[in-house]
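Here's the structure we're looking at; comments come further down.
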Amino acid sequence: MAKRSRSSGRWLAEHFSDEYVRLAQEKGYRSRAVFKLMELDEHDRLFAPGTTVIDLGAAPGGWSQYAARRVGASGRVLALDMLPMEPLPGVTVVQGDFLDDAVFHAMLEAIGGRRVDVVLSDMAPNMSGNRNVDQPRSMYLAELAFDLAERVLGPKGSFVVKLFQGEGFQEYVARARKAFGSVGMRKPKASRARSAEIYLVGKGYRGADR
């Protein structure tokens, strides 16, 4: 049997002692990450009944699950990921890469061609542990999420995206400030203490060409 690395052993110990893991299990959520979105929503009021939401990098589905509960039967939640994801009540799942035209059009069809109210992206690359590699990869995914948001968001729409500070960060924030009426940076309590992640929340979408 292969030996566990010190880092994987530390992760397991942290995971099983994590209060948010326990709470997610108690409340029937698929991941502890749901509490990050919950806190962002409480602060920024992202969802309302009837809201249309796209969740990028959705698997295993915690964020989509929470969003579906918030938008209700009159809303729509589309979960998109390259990984397979088990079905969830009130959530339409599309598997694939949204850079693929066929996948993008399947996504638009799933939401009835309507403009989107909220785009969520908790996407992250497979982490190598090397910040000089991981941060640029994360920024690339964030850029892709922003590009998609600009294609699908309706007026006054909202955008939530995971970022890691480093190369390209300030330029990204500047781009967001041009596209949204308000931009805030959030570090949810549910983010692990050792994580450098931060969330950008843009509200009041006003278009890409301002």
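Every residue gets a Cβ built from N, Cα and C, even glycine.
Now, the feature entries from Swiss-Prot:
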type: BINDING; residues: G61, W63, D81, D97, D122; note: S-adenosyl-L-methionine binding site
type: ACT_SITE; residues: K162; note: active site, proton acceptor
Between K162 (active site, proton acceptor) and D97 (S-adenosyl-L-methionine binding site), the C-alpha gap once rounded to whole angstrom: 18
Coarse DSSP state, helix versus strand versus coil, of the residue listed as 'active site, proton acceptor': strand
Spatial neighbours of D81 (S-adenosyl-L-methionine binding site) that are distant in sequence (at least 6 apart) but have CB under 8 A: L56, G57, A58, A59, V93, Q95
Candidate with the highest Cβ count within 10 Å, taken from the binding-site residues D97, D122: D122
For D97 (S-adenosyl-L-methionine binding site), the three-state class that DSSP assigns: coil
Which of G61, W63, K162, all recorded positions, has a Cβ with the fewest other Cβ atoms inside 10 Å: K162
Span of G61, W63, D81, D97, D122 around S-adenosyl-L-methionine - largest C-alpha separation, Å: 19
